[in-house]
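J.: In case it's useful when we look at the structure, here is the feature table from Swiss-Prot:
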- 29-98: zinc finger (ZN_FING)
- 130-176: zinc finger (ZN_FING)
- CYS135, CYS138, CYS158, HIS162: Zn(2+) 1 binding site (BINDING)
- 186-227: zinc finger (ZN_FING)
- 249-329: coiled coil (COILED)
- 394-497: repeat 'Filamin' (REPEAT)
Amino acid sequence: MSEIRKPLLGFVHKLQDANASGSSGKTHCPTCLRLFKVPRLLPCLHTVCTTCLEKLDPFSVVDIRGGDSDTSSEGSVFQDPELCSLQPQIGILCPVCDAQVDLPLGGVKALTVDHLAMNDVLLENLRGEGQGLVCDLCSDREVEKRCQTCKANLCHFCCQAHRRQKKTTYHTMVDLKDLKGYSQVGKPILCPSHPAEELRLFCELCDRPVCRDCVVGEHREHPYDFTSNVIHKHGDSVRELLRDTQPHVEALEDALAQIKSVNNALQERVEAVAADVRTFSEGYIKAIEEHRDKLLQQLDDIRIQRETALQLQKAQLEQLLADMRTGVEFTEHLLTSGSDLEILITKGVVVERLRKLNKVEYSARPGVNHKICFSPQEKAGQCQGYEVYGAINTQEVDPAQCVLQGEDLHRAREKQTASFTLFCKDASGQSMGRGGDNVHVEVVPKDKKDSPIRTVVQDNKDGSYRVSYTPKEPGIYTVWVCIREQHVQGSPFNVTVRRKHRPHPGVFHCCTFCSSGGQKAARCACGGTMPGGYLGCGHGHKGHPGRPHWSCCGKFIEKSECSFTSGQGAPRSLLRTVAL
């Protein structure tokens with residue numbers, strides 16, 4: 001059953017009016033305010049008289065759908081499957097919560113009858129000395145007694161006739177005044193397909209109550225059992241849904257309390273900042289007064305903007321809380337006050353409603369905060385030719401706009417301090433220009449996630465933060481950089497930690513001949529040689545790389561790590577060159 005809401009702020013007033021009705025909502029129609037007459041249960045679990053529902057204007061023709069559409073009403077357990085063909089979908093608005101209700105193919109009269117409400121109405125009439133109750137048999141005279149066996153209300157004449165009949169001679173008759181202490185005096189619920197038969201059985205295949213004639217006809221060969229035998233299984237499933245729904249009520253109440261707290265803090269902060277603005281503006285006469293008024297207007301705009309956001313979230317959560325409460329209260333009332341058959345009849349629409357409520361997503365945190373501050377030393381331009389100071393600061397860091405930079409961002413050495421810089425920016429990409437943000441950094445080895453490395457975050461007070469750490473072992477590390485529990489741009493990322501830097505044991509030279517002083521036995525890792533018995537390289541000779549290089553490994557970069565390994569089997573003359 002799909003539901004479409006009208007604007008939420010308009011719903012809040014209707015919701016308050018509906019809640020103000022109190023306990024009379026169990027016996028009185030919310031539309032006509034009279035005792036229920038043939039009450040129908042809507043998918044939103046609100047009950048309205050059949051006649052009142054029929055007077056409502058159709059909301060719209062929604063679409064063309066088949067019987068398996070999720071917008072079709074499952075309110076009536078007696079809906080004919082053959083009617084589930086393509087037909088126009090008509091909707092009405094619930095007069096209590098403004099939810100759009102897609103009517104079943106049979107219209108309003110195909111909605112589920114709220115037998116629980118009918119029982120409450122009957123009890124209400126009994127407590128009022130039976131005024132307004134007419135005989136169930138003749139429908140002409142006022143009720144005097146009730147047959148506990150037939151569950152029928154009878155006038156004096158029909159009561160005497162009831163006793164004279166052989167089949168009903170020994171039925172128990174009770175005066176209406178003796179029924180005032182009863183909590184349930186409902187009438188027998190008859191099968192709509194076989195009005196002479198009472199619904200006492202439950203078809204497991206069709207998931208609906210049936211009578212004796214149904215199980216030998218339409219439901220022949222379907223598994224069925226007495227309602228008293230299956231109520232435990234189906235009642236437990238409804239109770240499980242109820243238990244899943246109840247925590248949402250508490251969560252929504254806590255969320256509304258937080259919104260109220262934030263709203264109060266916002267008001268206090270606005271007043272405090274306004275006081276600062278007024279104090280600062282006293283020394284500047286007209287120019288400062290004009291500047292003050294501009295600041296107050298800006299502050300008020302911020303207040304209105306944030307209050308509107310809070311009120312909208314508050315209205316949404318209040319509406320959702322009302323829906324949750326309606327579902328919980330109705331289900332609790334059904335499970336505690338309803339008969340086995342009443343629970344089974346109403347089970348379908350209750351289960352559908354509770355499932356949908358449990359799937360609704362909502363944020364338990366306020367959508368805005370009360371962070372507003374006044375910066376009196378900040379330049380605000382000129383006002384009437386005067387240089388004025390003071391500005392309202394609502395700038396907040398946006399983790400998605402923050403930037404990570406540094407040579408050691410993706411590489412590091414074991415037992416050597418590595419560092420990088422975090423530049424904080426707001427949503428527009430502007431630098432924060434100030435510190436104080438809650439920056440959280442974690443450096444964790446990929447193969448030892450339970451052993452994070454100690455990190456140091458230095459606040460530079462200009463919107464940038466220097467992060468440093470010292471890895472103890474080589475390997476792949478994962479770095480997390482978060483602000484307000486949100487990853488910054490590029491986080492998380494991996495860092496490759498190499499072994500400690502290996503210095504060059506050789507010399508950085510132009511050639512072996514020059515660095516060794518002309519020794520013939522001196523060699524070089526570049527592999528160059530010279531004629532005349534020289535084993536090392538020389539300018540312009542075979543194998544010389546043409547530029548300065550390291551004699552130990554042949555690398556061309558002076559500030560680099562030596563790649564020479566003992567397994568290369570370097571000749572002794574190479575080491576002699578190193579010594580020279």
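Including glycine, each Cβ sits where the backbone N, Cα and C put it.
Tell me about the setting of these features in this model.
T.: Summarising model confidence by region, the zinc finger (130-176) averages a pLDDT of 79.
Sequence-distant neighbours of CYS135 (Zn(2+) 1 binding site) (same chain, 6+ residues apart, CB-CB distance under 8 A): ARG141, GLU142, VAL143, ASN153, LEU154, CYS155, CYS158. According to its DSSP assignment, CYS135 (Zn(2+) 1 binding site) is coil.
Summarised by DSSP class, the composition of the repeat 'Filamin' (394-497) is 3 helix, 51 strand, 50 coil.
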J.: Around the Zn(2+) 1 site recorded as CYS135, CYS138, CYS158, HIS162, what other same-chain residues have a C-beta within 8 angstroms of the site's C-beta center?
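T.: Here the nearby residues are ASP136, LEU137, ARG141, ALA152, LEU154, CYS155, PHE157, CYS159, ALA161.
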J.: For the zinc finger (186-227), how many residues does DSSP put in helix, in strand and in coil?
T.: 5 helix, 11 strand, 26 coil
J.: Count the Cβ atoms, other than its own, that fall within 10 Å of the Cβ of HIS162 (Zn(2+) 1 binding site), considering every protein chain shown.
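T.: There are 20 such Cβ atoms around HIS162 (Zn(2+) 1 binding site).
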J.: Highest CB neighbour count within 10 A among the binding-site residues CYS138, CYS158?
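T.: Of the binding-site residues CYS138, CYS158, the most buried by Cβ count within 10 Å is CYS158.
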J.: DSSP says what for the zinc finger (130-176): how many helix, strand, coil residues?
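T.: Breakdown, helix to coil: 10 helix, 11 strand, 26 coil.
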